[in-house]
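Trainee: I grabbed these lines from TrEMBL:
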DOMAIN    1-197  domain 'Mannitol dehydrogenase N-terminal'
BINDING   Ala3, Thr4, His5, Phe6, Gly7, Ala8, Gly9, Asn10, Ile11, Gly12, Arg13, Gly14  NAD(+) binding site
DOMAIN    204-375  domain 'Mannitol dehydrogenase C-terminal'
Amino acid sequence: MKATHFGAGNIGRGFIGEILHENGFAIDFVDINETIIDALRKRNSYEIELAAQEKTHITVDQVTGLNNQKEPDAVIDSVATSDIITTAIGPNVLPIIAELIAKGIQKRRQEGNQTPTDVIACENMIGGSQILLEKVRTYLTEEDLTYVENTVGFPNAAVDRIVPIQQHEDPLFVSVEPFCEWLVDDTQSKAKQIRLDNVGYVSDLAPYIERKLFSVNTGHATTAYTGAHYNYQTIGEAIADERVLNQLKAVLKETGDLLINKWDFPREKHEQYIEKIVERFKNPYISDDVSRVARTPIRKLGYDERFIRPIREAKTYGLSYQALVDVVAMILQYDEPSDEESVRLQEMLKEKDLTEVIQDVTGLTDNTIIEEIVEKAGSN
Ligand SMILES: NC(=O)c1ccc[n+]([C@@H]2O[C@H](COP(=O)([O-])OP(=O)(O)OC[C@H]3O[C@@H](n4cnc5c(N)ncnc54)[C@H](O)[C@@H]3O)[C@@H](O)[C@H]2O)c1
Ligand SMILES: O=P(O)(O)OC[C@@H](O)[C@@H](O)[C@H](O)[C@H](O)CO
């Protein structure tokens, strides 16, 4: 069995690689990072360490690397011959790799491969695989589209494991938190012959992806942007400050109330889920940079993303969302020179009126919410 995985970065090597490996897959990692690709090619294996007192090690072997910029044909061949295709490359990069995935699918069809497969986007976003499918479609013929309809699934997924930026002598070594969860929408899967161990196949992903994105990621981002507001460099330092912890708890109360109302999660169970998340953020064996968790602030301010969507929905349920608005105001102030989106956001704020920037970046049309954000941002 073989997998093609796009994105040999932190979560790609630190989680998706582990699961595919333990399920018996050889893995072609596709990336543009030459150091990582060369090392994968040379060594065909790498080590994962669990960031806990015991420091358990896992060896992932039968792996190699392909550079999509330098050897696109090899990537197309890999997609054409793999049993499963996965990505963990970042939502902004999905449109860039869509053409190669499309050409790989086209080649599968031309070679008469009728075995169903799945393309699973393991990104922090709602509807990631289906959004990728929309991009892939634009490169396909009618004949290819019929083939996709019959044999290629694009099941949405939710993946959860904190994997910080890695700074080791070995470029492939990756230290990860012990906790992990990977859920796939079974109704969108076509490769029914492949059921991965330690992956949950669910009949409705919506409650799970919303619970993950609006608890883990909204909470993580809250810790990061509030931490940046108080000049902290790491999540561990930030969460040790009561002001940050209180902001985190207030935000998770708001998204928790929304999730409980919307999806009927039992309150007690949800509170336990939140407690566990807060403990995960405090993991003393992990050092996670505020700048990683706060990365790409324009993306994180998106209409369906971790702040604006819960704000919009909390309002329709008549629930409080003021703590979320507080964080949105802090994101607008987030000034990190190494982050292209932060730089762009700060330039936009210099060139345009605040209301206009909020409308452009968030896609919001609700004037009440926009005014609440403007008022909060103005008072910071
Ligand atoms: N790190 C985590 O804790 C975590 C957990 C769950 C989900 N995710 C999600 O997984 C995705 C990847 O996150 P990450 O933390 O692993 O990021 P990362 O930066 O470590 O990995 C992304 C990889 O994609 C590669 N890449 C970028 N542009 C490319 C291109 N044009 N072509 C080929 N490769 C390209 C980079 O070189 C890098 O190796 C994101 O969507 C993120 O939200 C991350
Ligand atoms: O990857 P992002 O930029 O969407 O979000 C940053 C972190 O919150 C995220 O990577 C978490 O570590 C991860 O989602 C935990 O499962």
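Backbone N, Cα and C atoms are what each Cβ position is placed from, and that goes for glycine too.
A TrEMBL annotation is a machine prediction, not a hand-curated record.
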Trainee: I'd like to know which of the binding-site residues listed (Ala3, His5, Arg13) lie near ligand 1, counting only a CB under 6 Å away.
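Mentor: So the answer is none.
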Trainee: Inside 10 Å of the Cβ of Ile11 (NAD(+) binding site), count up the other Cβ atoms and send me the figure.
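Mentor: Looking across every protein chain shown, the total is 23.
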Trainee: What's the number of neighbouring CB atoms sitting within 10 A of the CB on Gly7 (NAD(+) binding site)?
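Mentor: Within a 10 Å radius of the Cβ of Gly7 (NAD(+) binding site) lie 25 other Cβ atoms.
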Trainee: Looking only at the domain 'Mannitol dehydrogenase C-terminal' (204-375), report the model's average pLDDT.
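Mentor: Value for the domain 'Mannitol dehydrogenase C-terminal' (204-375), mean pLDDT as a whole number: 98.
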Trainee: Within 10 angstroms of the C-beta of His5 (NAD(+) binding site), what count of other C-beta atoms is obtained when all protein chains are considered?
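Mentor: A 10 Å sphere around the Cβ of His5 (NAD(+) binding site) contains 27 other Cβ atoms.
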